[in-house]
Amino acid sequence: MRSSGDKSVHGYTIYLCVIALIGLSLWLAQKVNHVAPNPYMDEPFHVPQTQRYCSNNLEWDPKITTFPGLYVVAVAYAKLLQLSPVAIMDGDTCSSIPLLRSLNIFFAAGNLILLYKILSKLYPEENRSLLSLKALTLIAFPIHFFYIFLFYTDCGSTFFLLLAYLSLLNGRTNSAAVWGAVAISFRQTNIIWDAFFVAGQLLHRFSLETGETTSQPVTVKLFSFLTWALRKSHLIVMKYWAHVLLAAFFVLFVIYNDGIVVGDRSAHAPVIHTSQLLYFIGFSTFFLSFDLRTVTPHTLKSPRGFITIVSCTLLCLYTIHRYSPAHPYLLADNRHYTFYLWKNVYARNFWTKYALLPAYALSFYLLWNALRKRQSALWCLFFFFFTAATLVPALLLEFRYFLVPFFFIALHMRDSIRGNILGTMCQLAFYMMINGITFYLFFTKPFVWPNGETQRFMW
């Protein structure tokens, strides 16, 4: 058993990680701002909207489809810096694109601390230095890391979601609802994750009150849980009233707005795109490969494992055949890596997408078994259900949409944490290698569109 002094010493590692992250981020931000001084990709929508708010002009750009949380926080951030006694620039801070982008460096540092605190809560027995390294590795996850340097919603949205989750883990249900509401103001689909957080707490309570019967089929467990929740509904509403109120207001908004999207809905109409879940599963398995290496030997040799993989393959076959549409943006925008992935892999010929079916099935099997080492079957079922609820209605294949569910898989996989310092270091090196390639392409391989605009490769 470690002494409190040892824990204190190990606890300082997280602050070294924060300093390293901020130092590297400031250096990379300078490089990004040098090669891309003007608003890039979606920034031509986000930056002017923030500047309008900064000028007390509430006019809304109809092409923006998310709530204005990012712009409100960015205005407060810019005004705060302008009033600071150590102001870094004169004049209107909202006019500075580098300054607006720098907000995400603070969000990223906050995400690092929140991930560390969540890991410490979930794995209180684990070495704090290892948890710090794991949190830093998740921050270096290429999708998260790249968007630190552009004025996008992702880092801020993730920050407030993690804050809501940590609050709920610490028993502060009302505070969690407040932070959940702020997260929703960045991205509407975060209402689904707030519901998942509450569902996870209810599953924990259900397990404590009724006991865990592993021999029961998951359908029986689900029925038992729903029966228990119905019987305890008045107590649940009393404890989680703020979350119930948040959900009720969101439902009223959807009814009044006739949809979840604000602004231009033409490119974001909800569809049935179940292949999104397959893309996410394959994507997550690739980036968690160092954590999944312990799953294979003792799970794939059994007849049950083989039957499960075959069943998953057949289900994936139906999904790919019926529900794998391509968004017009995916086919037209050659700045994103997804454009090349789709053109050179999925759309290469008729059979290519079907050739990946065994990989999808195996990936799902590996992720499920990795999660089951710590989580109940119901928790895993709920996780994939809520993940599907966020991804399936989206027509556009966009890796940024995978960020939050990826984080929650990584946070709740036992083997990715416990004593796995070598695997974590390899994973961090793997992520940083990909980040290095990404920024090398972004910095040194620009290309010009027919209209004369310089473009750069990105996630």
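Cβ atoms here come from the backbone N, Cα and C positions, even for glycine.
TrEMBL: automatically predicted annotations, no manual curation.
Feature annotation from TrEMBL assigns transmembrane segment to 12-29, 100-119, 139-166, 240-256, 276-292, 304-321, 351-371, 378-401, 421-443.
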Decide whether the stretches the transmembrane segment (139-166) and the transmembrane segment (100-119) have at least 3 CB pairs under 8 angstroms, with pairs required to be 6 or more apart in sequence.
yes
Contact set of the transmembrane segment (378-401) with the rest of its chain, CB cutoff 8 A exclusive, min separation 6+ beyond the ends, reads 143, 147, 152, 154, 189, 192-193, 195-196, 199-200, 203, 218, 221-222, 225, 267-274, 276-277, 279-280, 283, 325-327, 329-330, 336-338, 342, 368, 371-372, 408-409, 412, 459
Are the transmembrane segment (100-119) and the transmembrane segment (12-29) close, by which I mean at least 3 Cβ pairs under 8 Å that are 6+ residues apart in sequence?
yes
Under 8 angstroms, Cβ to Cβ: which one of 12-29, 276-292, 421-443 has the largest number of such pairs with the transmembrane segment (351-371)?
276-292
